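Here is the structure we will look at.
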Amino acid sequence: MKRVCTLPLWLWLGIVSEADLVSSYSMTPPTLSITEEEHIINAKDTLTITCRGQHPLEWSWPGARWTPVEGRRRWNSQPQQRPVGAGNPEEDCEGTGTKPYCKVLVLTESQANDTGYYHCYYKYIDAKIEGTTAVSAYIFVRDFEQPFINKPETLLISKKENTWVPCLVSIPDLNVTLISQNSLIHPDRKTIFWDNKKGMQVPTQLIRDSLFVQCETVIDNKVFKSNFFIIHIAGIELYDIQLYPKKAMELLVGEKLVLNCTVWAEFNSGVRFQWTYPGKQMQRAVIESERRSLQTHTELSSILTLHNVSQQDLGRYTCTATNGAQMLEESTDVIVHEKPFINVEWRKGPVIEATAGDEAVKLPVKVVAYPQPDFQWYKAGKLIPKQSQSSMQIKDVAEHHAGTYTLVLRNRLVGLEKRISLQLIVNVPPRIHEKETSSPSIYSRRSPQALTCTVYGIPAPEVIQWQWRPWMPCRMFSRRSLNSRHRAARRHQRDRMPECKDWKDVSRQDAVNPIESIDTWVEFVEGRNKTVSKLAIQEANVSAMYKCIASNKVGRDERLIYFYVTTIPDGFEIESQPSEEPIEGQDLQLSCNADNYTYENLQWYRLNLSKLHDEEGNPLVLDCKNVHHYATKMQGELRFQPDSNDATLLLTIPNISLGEEGDYVCEVQNRKTREKHCHKKYISVQALEIPRLKQNLTDIWVNVSDSIEMRCKVDGNHVPDISWYKDEKLVEEVSGIDLADFNQRLSIQRVREEDAGLYLCSVCNAKGCVNSSASVSVEGSDDKTNVEIVILIGTGVIAVFFWILLIIIFCNIKRPAHADIKTGYLSIIMDPGEVPLEEQCAYLPYDSSKWEFPRDRLRLGKVLGHGAFGKVVEASAFGINKSNSCETVAAKMLKEGATASEQKALMSELKILIHIGNHLNVVNLLGACTKPNGPLMVIVEFCKYGNLSNYLRTKREGFSPYREKSPRLRIQVQSIVEAVRADRRSRSGTSDSAIFNRFLMHKSQTVQPIQEVDDLWQSPLTMEDLICYSFQVARGMEFLASRKCIHRDLAARNILLSENNVVKICDFGLARDIYKDPDYVRKGSARLPLKWMAPESIFDKVYTTQSDVWSFGVLLWEIFSLGASPYPGVQINEEFCQRFKDGTRMRAPEYTTAEIYRIMLSCWHGDPKERPTFSDLVEILGNLLQENVQQEGKDYIPLNDSHSSEDDGFSQVPSSAQQNSDEEDFDMRIRCHSLAARYYNCVSFPGCLTGGNQIRCSSRIKTFEEFPMTHTMYKAHPDNQTDSGMVLASEEFERIENRHRKEGGFSSKGPNRTAELSAEQSDLRGRCRPSYGSQVGGQTFYNSEYGELSEHSEDRSCTPPAEGASPPALHASFFSEQY
């Protein structure tokens, strides 16, 4: 702290402040016995002065503690020795009533030098002010022999205008003259004044050049002179003062304190230093002075040193420097600590908030410590370099700066350390991501649309507001009018943006386009939780402007959407009539349709083949900007459609020829950007040829009332003119006679005798004609027809009566609502003979706003597999998961030339996929492309590792039965199984879709995959993997069963392997109506997957969930044989089917365990009601998976290994598995210690039952390997045999079927199975499980021959779908063959 002021001002301020202080005491000043201001005594006289006052008093006289200040006096604080006389001249005296204190000053033998001011003041009051706390009198001690009383001294002359020469006299009325080196100076009372108490004041210039001056007076003609005053010219200006160190000084007890007070003064200046500090009374400090005279100024220093500081030395230290005319002052604080310490605390709390885009944010921390510690800042445990201060500043704040920051303070010398943490929250203004990508502004009329705004901000915006306004221009305004915060939040916007008014909130009641829904949800995209809002428009009818608004506490963002509705897709297209491949001689019309709001300047061109290459023959880069260089302009007719605001440029080419084939280009220009756009259409002209018939007509013999059909099939794409003649007369379409397929087909219903004759088919075009004829002969009489008509009429009347009766009955019965029909798979709820599958699919909805995916964002790749009517292609989908990422998918589509029924079947499969929903272990639907002008495609998940059967075969060499159990593996398996149990317990209140999503979240957040994706091919296959595959398939089948879906072809070839060892079920026969489609009736070369089919499916055509359980058992056999074909070495013939019916089963596969084989046998139970449900299998395999992971050492004991002891059981179940089964109702942990592991045929069927203190095992299971079959060869067509033996020749199967009919159908209680299925047998569930039959009710399909419903059929051989058949949907291998 520095103070600078002149000395008079300083004294005046001090006097005023002290006067104010003393006035508060309300005291009276002391009084003297001498009342006059000047008192004269002679030398040698005795001076006696009495002083009285209200407080203790003390005297001061010349030479002792006083300083004259312009008539007001102040005194030094330290008394000096009395300059004259001996002893103490002060004595106490008796006071009075009002002034009880009295002190008398007695001065004997007075001398001339005693002349001066005598002061009496209050002793214990620091403020000594004349007339208030002090009183004085000037005493002249007159001595005619010593009129002058001064001693030799130096007279400092400064830059002042006048200088006082202190010639003090003992006689008041003397005439004094000043003698300088050059002249005599007499007082003139103008510029030169004499004062008998101060001396003589003269102009400085009169004595400045003299070496000395002297005063002179004459008394009685005797001259007296004073001592010499040596003239010394000195500077009076003090430039600056500094006290080092500048900051407050902190020390520990015992340390050394050094303060340096330095003054920079004018050259040749004199300065007096004075220190004020707490220990000044005890004079603890050592003060040293230094002086350095430089060329331009003088540097003076006073150094205060204090050794071994203590607590008493703390306080304010002040250095005062004065030269008589000016005074400077500087202060500092000294803090003394007893011991080292560190104290740290927050300045603004533990949480600091900032906004992304701020220039800087400071993390303030208050630190009080000594000695100064080391500062280190950390974020998330990592040291932040170049941050060594107590408060850290972050510049250009961004989102990644958010987090927890920790300041660590260390004093390594004394071992002290303190930490403090601050949480920095960086708020991010909302940003709408769709603004960064180009979005379409043209929308097709009468089409459903979805407008989406994906917003990211911190904090996340709670609500995204949608507004709309009519389609009209908006005025533009500059972004510079926005405030700084908005500018930071909208850096990606253009400098000018539209400002539109008259906005209205979007609502279903007040909307120019009907609104279906407004949904808002939070989605995890690109590592961030983003808020997504979707405005679903039912039908785009009117052009409008939409705006979505997102805001949070630090900002706001909005997206303006120009919703222009047009009848032209994408605003620009080319159409050709009649087709893109016209026939030679036809009239071709090309239409260039463009939206008039967006485009203008329509122009047709035809590319010149000769100009498409340069001089060297290299192909030119075609660009729309220079299309006129290599194309010929063609004239068209421009038309406008006011109702749709569309422009059409028509190009008509009459009687097109082969030479006019080529590329035709339509060029348009964007009205806003002035950029040109082009569309190209290649016109392929087909040469006109003479028509050709694929086959000629053949003669027909038909009975009366039957129907006939004749086909005149023409080869080629162009169908010529076809005419039918009967007996040279033109046949026209009348009642009973139908012409279809461009007259290629002639149908006659209920043939009569007059329909007999010669029929001629004539096919003609401009090149010529070709004919084919056939004779139709009618047998029988028309009388029989009349009888049949009567019968039909009577039957119709009866049918109408019963139909009305049924309507009345059904009106009184509660029918299921339309919403109820949508909840299940309708072919399961309703009898398929009553309501065909295609009619049920008509009830299922297709939400294009949710599932439709643009074809232009789908890039097709290699073909993964072919089916009978379609193919599966690997594709890359951009943004299919509502993000900007690219994802590999599988696209399922029909082959070229697909019929309408095939497209309808694929659409039905799409609807049922949507109805079933998503599940982790099912190949899920991702989207679809159903809009016209492109192929129908169903987009599903892509599984990179192919089907499970091929994968298992490739991993045989690397199979490792066991591996070291890790805690991570145990935790993962426990988490997966517990998640499944929790989902199953909460299934009554939670949808499968919610369970699926929660399971995925649980898997991604808490469970690390067993194997990483890149290591799946390199990692060995283990027993845990096989059980995990089985568990996942059971879980997926449980989901399909809950959705009323029957697979009918469950096999390893239809199980796909995806990342993280996740398996997915595919080709669940969704859109196959095997009861109505004639293509599924068994024909000569039909292929049936007999090895995977249940007995009731083979012999009774019954497909249920329990028949899928049988197939699951065969799938288990495939998994634990590592992809081997079922029934190895067994020929599929009549003997196989007979033994199959009698209960013969497959032996245990090579790599299975006893527990797994018992599960297989329970799935192969002859009675479907006794088989476990998929829910039971999920519970059993989940328990087995946990036990397998928790075991120590080897947990795999193959059934084929031989043991040295008969007592070695093969059911290795740990004792820890024997727990209470109250929560786990279906426990599979059962031991069969009485069986040796090598006797695998002694495994109980279907399982072992623990009863009492002993374990009973039922009779053995016969296997095909134990009782070899007799090889019987049957003649069959070559295409009926495959390497896998999975099919059976139709003739042989017909013989088995006929025998089966004679025996009365398939039964689980055949004569040869009494011993195997005794009452003592039990399945895997044990005593605590309910009957499996309770899970099957209401899900069985019955065919028309053996079931409850009847259907007349002469063939009577309706079979399950065969691999070679032609279903309305894609074949079962459609998915599996892709991998």
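Cβ atoms here come from the backbone N, Cα and C positions, even for glycine.
Quick look at what Swiss-Prot annotates:
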type: BINDING; residues: L864, G865, H866, G867, A868, F869, G870, K871, V872, K892; note: ATP binding site
type: DISULFID; residues: C51-C120; note: disulfide bond
type: DISULFID; residues: C167-C215; note: disulfide bond
type: DISULFID; residues: C261-C319; note: disulfide bond
type: DISULFID; residues: C453-C548; note: disulfide bond
type: DISULFID; residues: C474-C500; note: disulfide bond
type: DISULFID; residues: C592-C666; note: disulfide bond
type: DISULFID; residues: C712-C761; note: disulfide bond
type: DOMAIN; residues: 30-136; note: domain 'Ig-like C2-type 1'
type: DOMAIN; residues: 858-1185; note: domain 'Protein kinase'
type: TOPO_DOM; residues: 810-1379; note: topological domain 'Cytoplasmic'
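Shown on the structure are the features that Swiss-Prot records.
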residue : record           : DSSP class
C120    : disulfide bond   : strand
C215    : disulfide bond   : strand
C261    : disulfide bond   : strand
C453    : disulfide bond   : strand
C474    : disulfide bond   : coil
C500    : disulfide bond   : coil
C592    : disulfide bond   : strand
C666    : disulfide bond   : strand
C712    : disulfide bond   : coil
H866    : ATP binding site : strand
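Spatial neighbours are here defined as Cα atoms within 10 angstroms of one another, and by that definition C167 (disulfide bond) has no neighbours among the recorded positions C712, H866, G870. Averaged across the domain 'Protein kinase' (858-1185), pLDDT for the predicted model comes to 80. Nearest neighbour of C453 (disulfide bond) by Cα distance, taken over the binding-site residues L864, H866, G870, V872: V872. Between C592 (disulfide bond) and G870 (ATP binding site), the C-alpha separation comes to 33 Å. DSSP classifies C761 (disulfide bond) as strand under the three-state reduction.
A strand conformation is recorded for V872 (ATP binding site) in the three-state DSSP classification.
Note on proximity: among C120, C548, C712, H866, the recorded positions of the record, the Cα nearest C319 (disulfide bond) is that of C120. The number of other Cβ atoms within 10 Å of the Cβ belonging to C761 (disulfide bond), over all protein chains shown, comes to 25.
The local packing around C453 (disulfide bond), expressed as other Cβ atoms within 10 Å of its Cβ over all shown chains, amounts to 27.
A 10 Å cutoff on Cβ-Cβ distances gives V872 (ATP binding site) a total of 26 other Cβ atoms nearby, all chains included. Within the same chain, residues at least six positions away from C712 (disulfide bond) with a Cβ under 8 Å of its Cβ are L693, L697, I722, W724, N743, Q744, R745, L746, C761, V763, S772. Under DSSP, C167 (disulfide bond) is assigned to coil, being neither helix nor strand in the three-state scheme.
Around C120 (disulfide bond), the same-chain residues at least 6 positions away in sequence with a Cβ under 8 Å from its Cβ are P30, L32, I49, C51, G53, L57, E58, W59, S60, K103, L105, A134, V135, S136.
Packing around C261 (disulfide bond) is summarised by its Cβ count: 27 other Cβ atoms lie within 10 angstroms of its Cβ, all protein chains included. Nearest by CA distance to G870 (ATP binding site), out of the disulfide-bonded residues C215, C261, C474, C500, C666, is C666.
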